Every structure is written in C-alpha cells, then in structure tokens.
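Undergrad: Below: one structure in structure tokens.
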Amino acid sequence: MKPIALSIKGLHSFREEQTIDFEGLSGAGVFGIFGPTGSGKSSILDAMTLALYGKVERAANNTHGILNHAEDTLSVSFTFALQTNHQISYKVERVFKRTDEMKVKTALCRFIEIKDEHTVLADKASEVNKRVEELLGLTIDDFTRAVVLPQGKFAEFLSLKGAERRHMLQRLFNLEQYGDRLVKKLRRQAQEANARKNEMLAEQSGLGEASSEAVEQAEKVLEQAEARLEAMRKNRDQAKERFTEHQEIWNVQKEKSTYEEEEKRLAEEQPHIDSMQKRLLEAETAAALKPYADRYAEAIQHEEQAEKEQTLAQKDLADRTAFFQQKHEEYEAWRQHKSEKEPELLAKQEQLSRLQEIEIKLSEAKQEEERKKADLRQKEEALQSVMNELETVTDRLTRGQNRQTELKQQLKSLQVTSDERKSCQQAAEMALRIRQTEEQIKKEKKRSEELNLVLQKMNEEKNTLVQKTEAEENNIIQAYEAVQTVYHLVCETERSLTRMTEEARKSQHTLHLQREKARVALLTKELAQKLTAGKPCPVCGSTDHDPSASVHETYEADSHLEEDIKRTDVLLTEAAALSQEILSAKIMLEEQSARFIEQCPFLQTIQAQNLEAAASFEHQPVYEAFETAKFEWKRIKQDILSVKTRMAQMIGAYQESLKKAEQLNEKIGFEKREADRIESIISELQSSMDSSLNMFKEAFQNQSVDEAEKWQQAIEEKDRAAEECEKRIEKSIAFLAEHEAQKEKLRESGHRLEREKLELHYAAERIKSVIADYEHELGDYAKGDSIQIKLRSVQQDLKLLKEKEQSLYEELQSAQMKLNQAKSRASASELTLQEAKGRLEKAKAAWLEHTKNTSITRTEEVEQSLIPADELEKMKTGIDQFMDKLKQNAANLKRVAEILAGRALSESEWNETVAALQEAEDAFGAAIEEKGAAAKALAVIRDHHKRFNEIEAELKKWQMHIDRLDKLQAVFKGNTFVEFLAEEQLESVARDASARLSMLTRQRYAIEVDSEGGFVMRDDANGGVRRPVSSLSGGETFLTSLSLALALSAQIQLRGEYPLQFFFLDEGFGTLDQDLLDTVVTALEKLQSDNLAVGVISHVQELRARLPKKLIVHPAEPSGRGTRVSLELM
C-alpha cells in the first residue's frame, strides 16, 4: 500500500483545502512533517484514518468536535495504490456537515477504483468501510498500531495482551484462512461425506435380492425359455410354407374373377366410343378450315374501313387549304403596316430617353440641396450647444478650485501626532484584551456548568446500564445452559438412531433370505404339478417323478413377508434422511455455541449438566422405536428453534448494552477531560486578566478601561474624517484636471464647427445654380405627364408591332404544316384502299378452294363445328384408354389361365390355412416374450449384483475418508493451529525487531517472546537479564516500539498479497538524546533500500535539519486563516 495524495478541508485547524503530494514527498525514503506545537501535524494522520475508516480515534465518539469551529463542512480525500503485478490505484472521498456545535453527519462518501477510467465501487458509508477493510485486511485498531501511529498509540502493540496480539497478527498476516475457514471447510466435507454414505446405504437397501444363487437360478430359467423358443420357431416355419402355396392360388383366382367382370363392362361401353369417334372427325375438319375463314372475314372488314378513311381524308384536305390562304393574307397586311409606323416611333423614343436622363439629374440635385440645408442647420445647433456647455464647464471649474482650498485647510486641523496615537493604541489594545478575557471567562464558566449537568445525567445512565448488563448476563447463562442441554439430547438421539438403524439392516437381510427361500419352494411346487409320468423333467431330464419330494419341499409363502420388507426399506430410507437432519442440527448447534462463546467469553466456564438417562425408545421394537424417535425429534427441533432464537435475541440485546456502555464511558471520559480542561482554561484566563489590569493601571494612571476605549474611538473618528478629506482632495484633483481638459476640448470643437458651417453654405449655393440649368433644358416637357410615362407609352407601341408580326407569322407556319399533313393523309388513305381490295380477292379465292370437297359452305359453320382444345384432347384420351383396356384385359385373362393350370382352392380350405399360421405365430411370439422376460430378469439381477459389490467397495473408501476427516476436525478444533502460526509469525517479527533494537542501542538491548506470547526485554549489557517491558524508560520504550513497528511494517502483506510501502510516527523523538537521535535517523534513512517510506512527525529542530524532504505545517492565524502545508527540499 503506497500513499499518493491526501486532501484536507475543515478538519480541526485546517480551513482552506490543503493537498499533500506523498509521491514527491516520499521519494527519498524518509521524510518529515514539521511545525510548531498545535499547528495541525497530527491532524494529517487523523485525516488519513477519517478518509479510510470514517473515524478519528482521539475524538469523542470518533467524530465529535473534529469540524473547524468556523466551517460548516469537512472534506477529506485519500488516494493510495496497491502494488501487485500491475499497480491499481484507489481513492476514498468523505464529506461531513455540521449538525450542532460538536456533532457532524456524513454528506458524501465514495470509494473509487482508478484504472483507465474511474469506477465507483461503493457510495454509502457502511459499504465504503466494509470495502476498505476487505481490501486492506486491517481494522482501524490494526492500522493505528502497525501502519499509522498517532500520539498515544505508539507503544500500544508492545503492551498488548497475548490473545489480543495474536488476533491482530491473524488479520495483519491473513491467517484467518487457517482458522475458522479451514474448520468450516472440513466440517462441510465431513457433512457431504456422511450424506454420500447414507445415500449409498439407501441405494444398497433398495437393490433387493442380488446374491450369486439368484443369478444362477435366473440363468437356468433363461435356458428353458430358449429351448421352447426353438421348438415354436420350427412349427411356425412349416405353417408359413403351406400358407405361401395356398395364398398364391387364392390370389390368382380372385384376379381372374376381376378380369372377367371388366370384359363385360367394356362390351357395354363400345357404342358410346363409336359416336365419339365421328364427332372427333368433324371437329378436326373445322379446325383445318378455320385459318382461311378468319382471313376471309378479316379482309372484308379491312376493305370497308379503308373506304371510310379515304372519304374523311379528302374532306380534311379541302378545309386546311382554305385556312392557309386566309392566314397568308393577314400576315402580309400587318407587315406593310409595321414598315410605315416603326421609324416614327423609334425617333420619338430616342428624344424622350435623353430628356429622362436630365430629369433624373435634376431630382438628384434637388435632394442634395435639401441635405446640405439640413447639415447646415445641424452645425448651427451643435455650435450653440458647444458654447452653452463651455460656459457650464468654466463655472464648475471655478467652484471646484474654491472647494479644494477649503478641504486642505480642514485636513490640516484633523491631523493627530504620532506620540498621541501610539499611547492611545497601546491603551486600546490592553483594554481590548481585558474585555476579550472577561467574555471568554463568562463563556467558559457557562460551558463548565453545562458539562457538570451532562456528567451527572451520564453517571446516572451508566449505573442503570450496569445493572441491566448484569441481569442480561445471567439470562444468557441460563439460555446457554438450555442450548447445551438440547445439544446433549441431539447427541443421544443420534446414537440411539444409529443403533436402531443397525438392527433394521439386520432385520432387512433376514427378510430377504426368507423371501428367496419361499420363492424357490413355490417354483418347485409349480414345476412338480406340471410333470407327467414317463416324460422327462425339463430341469433335470429324469422320467421318474416322486410327488412326495415336491410336496415335502414346498413352503407356503408368508403373505406378510413382502409387506415387512417394504416397511423395512421405507424405515431405512427415512432413518437415513433423519440421520442427516440430526447431523446438520448437531453441526449447527456446535457452530452456534462457538459463536456464542466468541460473542460472550464468560460462557467458556459454563458447562451443562450431563444427561443420565438415554433416550426412552432404546428397548422398543424397531418400528415402534423409529416412530418414537421421529416424535422425539420433532419435539427437539422445536426446542432447538426456541433456544436458538432466544439466545440470539439475548446476545443481541447484551451486545447492544455493552456497546452503549462503551460509548457512554467514552463520552464520560471525554466530558470529564473537557471539564478539567475548561477549569484549567478559566484559571489561566483569570490570572491573565488580573495581570493585564495591573499593567494598565501602571501605564495609564489617569484613565479607566472605558475611557481608553473612548479615547481610541475619538482618534479613530479624526482618522476617518482625515481619510475622508484626503479622499475628497484626491477626487477634486482628478475633477479639476478633467474639467480643464474638457474646457479646452470644447473650445476646439467650436472653432471646427464654425469652419464646417461656412463650407456647407458655399456648397448649397453651387447646387442651386446647377438646378436652374437643368430646368431650362427641360422647358415645356416638365409640364403635364412625366417624361417617363411618355417614354413607356412609345416603347409599348413598338413592342406591340413586333409581337403581332411574330404571332401572325407563327400562325401562318402552323397552317402550312397542317396543310402538308392533310395532303399526306389523303395520299395514304387512297393507297390503303387499293391494298385492302387486293387482299379481299385473294382471301375469297383461298376459301373457295379449300371448302369445295367438304360439307361446309359458310364461314359461320366452321365456328359451330369446332370443339375446345381441352375437350378435344379429353375425347382422344378417352378413346385411346378404352382401346388399351380392351387389349390389356384380354392379355390378363390369358396369363391367369396359364398360372392356374387347372388348380383350384375353396374358401373353407383357405380359412383353415390362415388360422393355422396365426396359431403358430402366436405361440412363437409368446415364446419370444418368455425368453425376453427371462433375459431381462437375468440382466437386472446381474446389474443389481454388480452394483451391490460396487457400493460395498465405495462404502469402505468413504468410511476411510470420513475417519480421516474426523481426525482432522479433532486436530483443528478450536484455534490451536492459527495460534501456532500467529506465534511463529510473532517470533519472526520479534527476531527482526530485536536485530533493529540491538543496532539502535549499540548491542545493549534485545527483545524476546515469553511462553505466554508477551514481550520481555533482554539486557545484554547486564549479563542477559530479562526485564518486563513495563520497566522501560520513555526513551527505551520509544526505541523498542520503533523497532517492533519497523519489523512489523516490513513483513506485512495486506490480504496476503499487497506489500505495505509506508509507515508514520507521531511521537517519541523528544525523549532521545542527540546520539540516539542520530542513530535512529541513520537507521530510518537506510529503510529506503527496503522499499518502505517512513514519515516522521515532530517539532525537534535537530531532526528537521537531518531530513532532505520535509512537509512544513504552518499554524492557523488569528485573522481566521487555517493551517497550511508546504514542501521544503534540502
């Protein structure tokens, strides 16, 4: 863990935000934080713990009184890095707001991971505290004992008791993984192993009979079934051969009957087919003539259409010729009119255009004349305004000079001598200090009275809380005894259930043997009943059967045997589940008891009374005992739930009371210290005020404190009046200079305006002469309509002449084009008519030629004789199919006659053959099923036999695994292993610290660990005598604690993976002489090579002179400015 930056604002004496750059500060390995006493050096460490854990250890209630009295908000921000393979940075931000004079509340809290971008990991105070402790693996107590050592905490690790020191080392060196976590892991594995064992026992019980004798019996049954199957197969094959022969004759006979019926049906259909063939011939003839009939009818239609079109074209040609002649005459007449009118209009247009230009110039000249007159009037007005303003400025300047003279005389009368001012100032300062001291004494006395009332209430509350805590301890002891009693009941129930389960397994084995013996006897009896005298036995092959033997060996199956086996199987399954449930409850009670002892250490001495009587169902029959056990277990479960809930509630209330008592003690201690401090302040203030009054009387015998204040006020009034005079004189100097400059500027403006006025007058006269010349040129044209209107009229007449000519020309061209089109259509229609007549003659000749040998004479008959193509195709297909069927049926009759060759089969003979085959097939199928059932039964028994053996082997392995886990649980019970590791780690730290201490004390002292885990000193200078650490002097305690802290910091790995890269000291250097101080600083300077930065907080000047990099803490100022920090390099 490496610090990067720390920002502080509003904490203790800090007001403005101050940022400390640790990266630049810790580059040399060792750096110092220096400043006078009370400047705020220790507040830097407070800011670090406040940012990380939200607490200031030396503050009451961890946060009371930490906010600067002149601020309403406090903010801290700490950025640090954790170095693994690659460095990851984190930033913790906290902002607090004031709630009253002492208390603050969290306003903002964030924990940020800094990589390529910032990621907020937590934004609530509790979550941030949890994430910081998880990341670092240190509580605030660990942090202030091993990393950041504030005032009063330096020697705490040295004096910690053994158990508390071991717990701290467990967290510092991440030893929890070898303690509770390892025990829980072993317990979980043991629970899983027992569950697996119970599952296998239940599975083994459910397999039923799986002995080797059962396998052999099943194999014999399978051999008998195979022999029967072979006999049935031969019988079925013979029946199949006879069936195949009769089936062929029967099927051919049925086929012949079908062909004879088909022959009769075809003979009845023959007349209809003949009619269809005649109609088909007529349709084919009409189809051949249709193209000629269509061409003939089309030619007649085209000839009629061509005659109509030719008539219309001739009429259109005559109309277009008359229209063209009319347009040609109109165009020629307008051309003649244009040639006469156009020259006259063009001459008039040119004259009007020149006069229009003159008219525009005249208008512009008149506008310019008006502008010049307006400018002239403006200049005259501006000149008058400047002259008026010049008169006003001159008057103000005179009055200002007179007032300045008066102010200078007044200032001279208000001046105070330096001696008078000095005496007055001394008297006022002494009077102010006396008044301030009086007010402070009143304020502190009031605070003292309020604190005494608060302390009285707190002591009353403390007495009540002590009584409540003692009562809660007694209740917890009673509840814990109840928990232990329930635990013993659970253990007794578990042992009884184990014994009952063993008895049930024995009973199950006996029942299975009885069932197998009864099944063999029953099979023997059934086989003996089926034997016939003189025939061989299918099992042994003997022909001599002794009925007495089967009767003698037959056993009647017990009707209750199967029911007893099922009951036993169910009981074992339920017993396994109940055993698992009891084991879980037992483990849960053990864990709960451990937690209760951890939360309430006084419970370690409490032991529950042993139960003398065992469970009441031990000597009952198995089934009754199991029902009793289930009933008892339900009652015990209720007891477990009851005592667990009751115990948890009591411990919660007890811990809450302890927490309240601890908080109350802290508050009482703080308030007592605060009351003592206030009394001391009041005494000091009273002494200071008496001394100040005596000094005032000696210095100013003729004045009282009140008169001194009034004297100071009088001088201050004179000073304020003189200051006001000086300000007014300064303003008057600027005022007079400004008005003098303004007066000169106004004079220049008046001269300039006079010149501009004359220039405008002359320009207006010149423009008036130009206007007269333009009006003379226009003459009479300026009267009546404007020249622009006359010019627009002439231009409109010229435009009309051209547009009308163009329009008539376009109409003439259009008429010409339409005339040409009409001529083309007339010629084309004449040609089309001649061609239509020729085609008609050819089509008529072709029609007559092709119909002369047919019965069709008119084109209409062709359409009447035609048949649609799909219907025609259907008729052809029907005729072809009929002919094919006729031929095929004759061939089939011939073929079946050859196959039968005179053979015949009656229906009764065929039915007998079918029945015989079915009977043979049924017998063969029954034999197959019988063999399959026997084979399946054999396979099931073999699988069960194999699985039974596998489970037996696995049970042995699991039992060995459970035994090993039980041994490990016994070894790791309690925290002995973790304590061993912590002691080893402590020995390592002590060896390293002893080497450092030996160097610091010139081989005089060494440190060792005693048998109880505490530290003792070895005085090598006095023959190795051991001394308790409590006998050390202040300087010796500092050196020993420093050695331990450096050794601990060098070995700490946060969460077992992050190296600790910094260490802070905040006391102790003042107890060292010059030689020891040099030795300590030299040792600290050597730490740079160990990748460990050490920060030293001190006010010792000799230490400040030795360190190359220093952070200087400047104390707060009376003006209100807060503590500031600055970096100083050697």
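Counting starts with 1 at the first residue shown.
Glycine residues also receive a Cβ, built from the backbone N, Cα and C atoms like all the rest.
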Undergrad: From the ranges 10-30, 52-72, 115-135, 619-639, grab the one Swiss-Prot calls coiled coil.
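TA: My reading of Swiss-Prot: the coiled coil range is 115-135.
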Undergrad: Same chain only, please: residues at least 6 beyond the ends of the coiled coil (115-135) with a C-beta under 8 Å from a C-beta of the stretch. Say none if there are none.
TA: 52-54, 82, 88-92, 94, 106, 109, 1054-1055
Undergrad: Quick one, of the binding-site residues Thr37, Ser39, Ser42, which Cβ has the fewest other Cβ within 10 Å?
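TA: Counting other Cβ atoms within 10 Å of each of the binding-site residues Thr37, Ser39, Ser42 gives the minimum at Thr37.
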Undergrad: Three states by DSSP: which one describes Ser39 (ATP binding site)?
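TA: DSSP assigns Ser39 (ATP binding site) to coil.
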Undergrad: Around the ATP site formed by Gly35, Pro36, Thr37, Gly38, Ser39, Gly40, Lys41, Ser42, list the extra residues of the same chain whose Cβ is within 8 Å of the site's Cβ centroid.
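TA: In sequence order, the nearby non-listed residues are Ser13, His1099, Val1113, Pro1115, Thr1123.
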Undergrad: Please report the number of other Cβ atoms within 10 Å of the Cβ of Gly35 (ATP binding site).
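TA: Result for Gly35 (ATP binding site): 22 neighbouring Cβ atoms inside 10 Å.
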Undergrad: Going by a 10 angstroms cut-off between Cβ atoms, which of the binding-site residues Pro36, Gly40 has the sparsest surroundings?
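TA: Looking at the binding-site residues Pro36, Gly40, the Cβ with the fewest others within 10 Å is that of Pro36.
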